[in-house]
Amino acid sequence: MYPPSRKDFISLTLSDPHSHTYNNGKHRRQSCWRKWKQLSRLQRSLILFLLALLLILGLLSYPSITEQWRGLSDREDWLELTDQQLKAAPPGVKPVLGPAAGIAPAPAARPHLEPAVGLDVIVEARGPNVPILPKPPIKKKTFPNKRGPPNLQKDGNVSDTVGGEKQEQEAVQEEEGEEEGKEKKIVSWRGAMIEADQATEPPPSANEKEAAAPPAPVNPADTVPLEVSTGTADRLEAVRDAFRHAWKGYKDHAWGHDELKPISKSFSEWFGLGLTLIDSLDTMWIMGLKEEFAEGRNWVEKELSFNKNVDVNLFETTIRVLGGLLSCYHLSGDQLFLEKAKDLGSRLMPAFKTPSKIPFSDVNIGKGTAHPPRWTSDSTLAEVTTIQLEFRELSRLTQEPQYQEVVNEVMKMVHTLPGKHDGLVPMFINTHSGQFTHKGVFTLGARADSYYEYLLKQWIQGGKIEDNLLEDYLQAIEGVKKHLVRKTGPNMFTFIGELSHNRFNAKMDHLVCFLPGTLALGAHNGLPGDHMDLAVQLMETCHQMYVQMETGLSPEIAHFSLQSSDGQDVLVKPADRHNLLRPETVESLFYMYRFTKDTKYRDWGWDILQNFNKYTKVPDGGYTSINNVRDPVNPGPRDKMESFFPGETLKYLYLLFSDDMELLSLDKYIFNTEAHPLPIWPSPPK
């Protein structure tokens with residue numbers, strides 16, 4: 001509104017030495033309105049223009065201001081927790097051992113699951129809600145063939161470590177639509193089934209097609225804001241809540257099947273052995289989730305059968321199913337699990353009936369036959385050297401030596417084979433000749449990683465008396481330091497690269513992040529102190545693989561800059577940006593915290609859990625792997641929850657946050673590569 005028009009007036013001032021000053025504005029000298037009217041039209045117009053300009057600028061900046069306040073509000077929500085919530089103590093979980101300490105007969109079978117002492121003391125205490133954040137809609141992919149975990153197929157995924165050899169190099173097809181109409185081959189590596197064109201699940205069976213529904217978009221109204229909590233009890237409860245949420249999705253949409261597809265509310269079948277359920281059983285026991293454990297045990301008793309005409313992968317079935325059953329037997333003392341483990345172990349034995357005694361990769365557990373993959377007669381080295389902990393333990397429990405004999409024979413052969421490079425081993429071994437193939441390529445990533453892990457863990461499991469295992473492990477670590485360790489240019493982060501025919505490649509799989517924990521475990525068991533120094537440095541690098549990504553989640557594969565002039569240490573190729581909910585980094589964080597008590601490792605693990613909740617949690621239940629860790633707006637859900645997420649990732653997070661150092665003490669238990677704890681054998685009398 002404009003001010004009233006100005007009126008002319010005359011101001012008359014009379015003064016003399018004996019009188020007061022007179023002015024016709026005397027009684028309104030303090031009036032702002034009067035002062036406004038005294039301004040000229042030009043002055044008033046200028047002031048109004050400036051006020052309008054400030055108003056417009058304020059409106060334009062409003063969205064960013066509200067976002068900042070909303071983020072600040074989310075970060076400060078924890079301050080509103082009551083004293084009672086902040087002081088809540090974590091439940092004390094004590095594993096109940098079966099005949100772990102010796103070879104005494106196991107307890108008699110029990111018709112019903114009886115609660116053991118370790119679970120009796122557990123009190124269900126709900127803490128802060130675990131957040132469920134919205135999943136953005138999936139946008140069209142610009143490259144149809146993204147790399148998953150490496151496979152053995154000639155037309156599979158990228159591997160920068162391999163040069164010129166067709167069986168080693170799997171090219172990523174960059175042109176859209178190039179693979180349409182081609183048959184998709186399915187392979188696996190350390191928990192991830194992949195296809196040649198980037199998908200992470202096998203083609204659906206007839207049952208899956210019936211069960212599958214089109215992915216539904218997530219409604220933001222169904223979500224709750226991310227909560228920040230720093231107390232130990234709150235963090236433990238947050239992990240329990242995450243597990244309950246994952247279990248809810250599996251129970252609702254994939255019960256008894258191998259893996260959950262949380263977006264389409266369906267399932268994928270691999271071997272038809274309930275992989276997620278068996279992988280998760282000991283996690284539930286450790287977390288004190290008695291009701292969920294009883295549900296799973298009931299399924300194992302009534303539904304789990306190995307008498308079926310199906311090909312299974314020796315490595316995957318051993319580390320997940322056999323390892324999971326043996327672990328549950330030791331924790332619960334329930335004879336049911338040992339009986340199932342004996343049945344499965346005997347059905348896997350045909351894999352070792354080869355000319356070289358190097359096992360085939362695939363076994364038909366119903367027919368009792370075994371064979372290599374269709375495309376090669378080779379097995380990957382990690383697959384044939386990462387079944388030993390489980391088979392050795394099965395022999396110890398059953399007093400049947402054949403299981404330990406066949407896997408020990410593999411280790412003896414590998415120990416003496418030519419073709420190593422200062423303790424580093426090639427990735428492939430032929431089942432007919434028993435010799436290394438595709439020599440000259442050395443990595444601690446896919447196809448070779450857990451060979452090094454199991455060298456140390458077998459030595460510890462057996463009471464530290466098997467000198468060949470220790471010798472191979474120490475020599476391998478020296479080879480790693482000599483040939484594969486480098487530092488980035490910008491910030492001097494230490495990483496493990498790969499060697500291909502004497503050519504160094506600054507590439508590191510997320511799988512390699514198992515190494516800090518393994519090095520720390522070795523140092524804890526009396527190995528050289530510089531192993532721990534390297535573990536600390538590598539742990540920082542694995543942390544950087546998370547924090548330098550926009551989502552705070554690591555890519556499947558990272559490349560590192562060796563030039564100091566480059567701005568970034570961690571570089572990610574478009575085909576490597578996916579995240580499969582892998583456990584290796586939180587696994588190493590668990591070991592590092594147990595041995596150093598440095599709370600930063602807990603904080604790093606907490607950040608990872610928060611980002612899993614923010615970018616991978618599906619509101620109706622379950623978590624999904626994502627396609628792009630560099631796009632927080634549209635990370636691209638892949639519609640698959642690997643069984644190792646509840647079986648490994650959440651288990652290690654729970655143990656990381658637990659204050660009970662005797663909960664699966666690392667002086668009493670050794671974890672297999674799927675995070676299933678097995679007892680360390682008593683040292684033989686000297």
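From the backbone N, Cα and C atoms, a Cβ is placed for every residue, glycine too.
Copied from TrEMBL, the annotated features are:
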ACT_SITE  Glu316  active site, proton donor
ACT_SITE  Asp449  active site
ACT_SITE  Glu556  active site, proton donor
ACT_SITE  Glu584  active site
DISULFID  Cys513-Cys542  disulfide bond
REGION    133-184  region 'Disordered'
REGION    198-223  region 'Disordered'
TRANSMEM  45-65  transmembrane segment
Nearest of the recorded positions (Cys513, Cys542, Glu584) to Glu316 (active site, proton donor) - Cα to Cα
Glu584
Considering only the active-site residues Asp449, Glu556, Glu584, which residue has the minimal Cα-Cα separation from Cys542 (disulfide bond)?
Glu584
Count the other Cβ atoms sitting within 10 Å of the Cβ of Asp449 (active site), across every protein chain shown.
26
Can you tell me how far the Cα of Asp449 (active site) sits from the Cα of Cys513 (disulfide bond), in Å?
10
Cα-Cα, Cys513 (disulfide bond) versus Glu584 (active site), nearest Å, comes out at 5
At the Cα level, what's the spacing in Å between Glu556 (active site, proton donor) and Glu584 (active site), rounded?
11
Tell me, how many other CB atoms lie within 10 A of the CB of Cys513 (disulfide bond), whichever protein chain they belong to?
29
